[in-house]
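Trainee: What TrEMBL records for this protein is below:
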type	residues	note
COMPBIAS	295-306	compositional bias 'Acidic residues'
COMPBIAS	318-329	compositional bias 'Basic and acidic residues'
DOMAIN	120-248	domain 'TFIID subunit TAF5 NTD2'
REGION	295-347	region 'Disordered'
REPEAT	377-418	repeat 'WD'
REPEAT	450-485	repeat 'WD'
REPEAT	492-523	repeat 'WD'
REPEAT	534-575	repeat 'WD'
REPEAT	576-609	repeat 'WD'
REPEAT	618-650	repeat 'WD'
Amino acid sequence: DRQTLVAVLQFLRRSNLRESEEILRREARLLGDDLGGNVATVATSSPGVAAVAAVPPGKGEARGDRGVGPSSGREAGSLCTARSLGGSPLCWDTRVVGGAVAVEDQPDVSAVLSAYNQQGDPTLYEEYYSGLKHFIECSLDCHRAELSQLFYPLFVHMYLELVYNQHESEAKSFFERFHGDQECYYQDDLRVLSSLTKKEHMKGNETMLDFRTSKFVLRISRDSYQLLKRHLQEKQNNQIWNIVQEHLYIDIFDGMPRSKQQIDAMVGSLAGEAKREANKAKVFFGLLKEPEFDVPLDDEDEEGENEEGKPKKKKPKKDNVGSKSKKQDPNAPPQNRIPLPELKDSDKLDKVMNMKEAARRVRLGPECLPSICFYTFLNAYQGLTAVDITDDSSMIVGGFADSTVRVWSVTPKKLRSVKTAADLSLIDKESDDVLERIMDEKTASELKILYGHSGPVYGTSFSPDRNYLLSCSEDGTVRLWSLQTFTCLVGYKGHNYPVWDTQFSPYGYYFVSGGHDRVARLWATDHYQPLRIFAGHLADVTCTRFHPNSNYIATGSADRTIRLWDVLNGNCVRIFTGHKGPIHSLAFSPNGRFLATGATDGRVLLWDIGHGLMVGELKGHTDTIYALRFSRDGEILASGSMDNTVRLWDAVKAFEDLETDDFTTATGHINLPENSQDLLLGTYMTKSTPVVHLHFTRRNLLLAAGAYSSQ
């Protein structure tokens, strides 16, 4: 935007920042003569640019909080200029919410910490904080809930500022006096903070650095924000105002302030709430069109039919398959948006089997709950750390802390390896049962143990065609195993730290992994290097999930947020905040519209992906939720937890009358029902087995798995 550019250049010139002005002008290819007119005219003629930071705080709006310009999906930054205001260079945000001006990048450690150099009188910090606290507690109820969000980020930054400037005793007394006032869900962060008592401690502390580099996001109504600003200016409270300006991102919305309950539902993550801008991008959450092919009927099906049933059954089934695939979902991505593998003949056969099974599927609902079959791992002294079950429910795999991967056959059919090369050469390749003949009966067994990892195995995933198995481990690698030979084919090295989860795409070929290095990686089985690296989380990526259309990946993290990433370009298209602990389970609804997430806080949260909104909260579990799964038609959501229970929830009712009007979307005024008990359809206890995995068979029988713990 040319006017914005001119305003910035004039501002740089007035501030004697010649060098910056030259660089900007070179980049924008503007000549000196183009700087006509003065800033005042620019600012008035273009209301989207909030008088680019030319006003010190206390002399009018320093924050561009009215976005008029077109939205550029970039992160807004802040423009720092040296001012002779108490000798401290202040940062005024040139942030135009809706039209970003500057771009924020990750600063290095020393630069980050040096921002704490300027500071006021250390003895007054307690007075500043308690003054603000008193003001907020005495303000009107409608503003109090919103402004209370300031307590935690201000407390942390003021404490760190005292520590950095080596006022250790003041820092200690400040911490002791006010740490009890913070919300209970920040306890873990405060524990880390209390251990930082010297300047030296701050250098290598990741949590601290994250807090410093990422602006803490608060969503506040314009009325509450004006109230706060007026108070700080009247009190001449520069110290707090500086922190608000420099370290907080205040996302201002017009309209009613939010209630305590609405705020509590959305806050709790390491960096505050998500900016509204973060959830504006379009997401193609629809399903891809199924390939068309006829469903031949088996002999056994025909024999089982009575004479008049035969032709009847065949006709509607064929039409049904055809009609289902002709309609293109309006929200679906283009079919060729990302390259997906071709269907092999065996895949087509499997799809046919799947459709036949689907015809016999039980329709679930509040009146018809699924049977649950629980696989308990007994005597699992190796420590069960991960489980997966094949889509056709024929095999189950366990990852263990003793670094083994164990595969069991769940059906009477035993697991067999392919014969040796010498034996294979003797087989008649043209025979009909060649696929049977290549298997070596001598190797048949119910269990195969795969050795190769050198640390606990934290994630396992079967490929959709059941030919491959992925496992990821504390040793930093992801391994691909062949289920034909039960040997390791590839070790993918990209993570330098433990890999917590991995999952195959629903179409095979691609897979995702996430780990302690805070990034998720997208791989293809035939590439040694990752195809995409998804960076943005502020702590470990603890779980990963592909969207049913394979165009998106959801990741849950220990920073207490869930992010949705676009596989095509690697962009983060959704950030969901609301959990109060690390996320450990994710599940997409079969129609691709919704996402369910579970965490250590024992809550299941439901999200509308299209609108980027929280639409439900299921309370009932008393411990970490490690498993979530929707039934095949999406009527029921099953959750499994460390509290030794499986709970079934009415997903249809949870999603039926959603308020997703524009106002809700714009402000985040979500109204969650007080009580989720009317959505709870059943609770099923195990004797002493935490639930690690859940799986609905193609006919909607629920399989659950976990290891019996004797304590």
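Positions of Cβ are set from backbone N, Cα and C atoms, glycine also.
Note: TrEMBL annotation is automatic and uncurated.
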Trainee: On the DSSP side of things, how many residues of the repeat 'WD' (534-575) fall into helix, strand and coil, could you say?
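Mentor: Grouping H, G, I as helix and E, B as strand yields 0 helix, 24 strand, 18 coil.
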Trainee: Tell me, what is the mean pLDDT of the domain 'TFIID subunit TAF5 NTD2' (120-248)?
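Mentor: Summing pLDDT over the domain 'TFIID subunit TAF5 NTD2' (120-248) and dividing by its length gives 83.
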Trainee: Report, as numbers and ranges, every residue of the chain located at least six residues beyond the repeat 'WD' (377-418) whose Cβ falls under 8 Å of a Cβ in that stretch; write 'none' if there are none.
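Mentor: Residues 350, 353-354, 424, 438-441, 443-462, 464, 466, 469, 471, 473, 475, 481, 483-486, 692-693, 695, 697-698, 701, 703, 705-708.
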Trainee: List, by number or range, the same-chain residues at least 6 past the repeat 'WD' (492-523) whose CB is under 8 A from its CB atoms?
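Mentor: Contacts with the repeat 'WD' (492-523): 340-341, 455, 458-465, 468, 470-480, 529-535, 537-546, 548, 550, 553, 555, 557, 565, 567.
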Trainee: From the DSSP assignment alone, can you count helix, strand and coil residues within the repeat 'WD' (492-523)?
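Mentor: Result for the repeat 'WD' (492-523), in helix, strand, coil order: 0 helix, 19 strand, 13 coil.
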Trainee: Sort out the residues at least 6 away from either end of the repeat 'WD' (618-650), same chain, that have Cβ-Cβ distances under 8 Å to it, and list them.
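Mentor: That would be 358, 361, 363-366, 369-370, 372, 374, 581, 584-591, 596-600, 602-606, 676-677, 679-696, 698, 700, 702, 704, 706.
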Trainee: Give me the DSSP three-state residue breakdown of the repeat 'WD' (576-609), ordered helix, strand, coil.
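Mentor: Its residues fall into 0 helix, 20 strand, 14 coil.
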Trainee: I'd like the per-state residue tally for the repeat 'WD' (618-650) from DSSP, helix first, then strand, then coil.
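Mentor: Each residue of the repeat 'WD' (618-650) counted once, the result is 0 helix, 20 strand, 13 coil.
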Trainee: Of the residues in the repeat 'WD' (450-485), how many are helix, strand and coil by DSSP?
Mentor: 0 helix, 19 strand, 17 coil
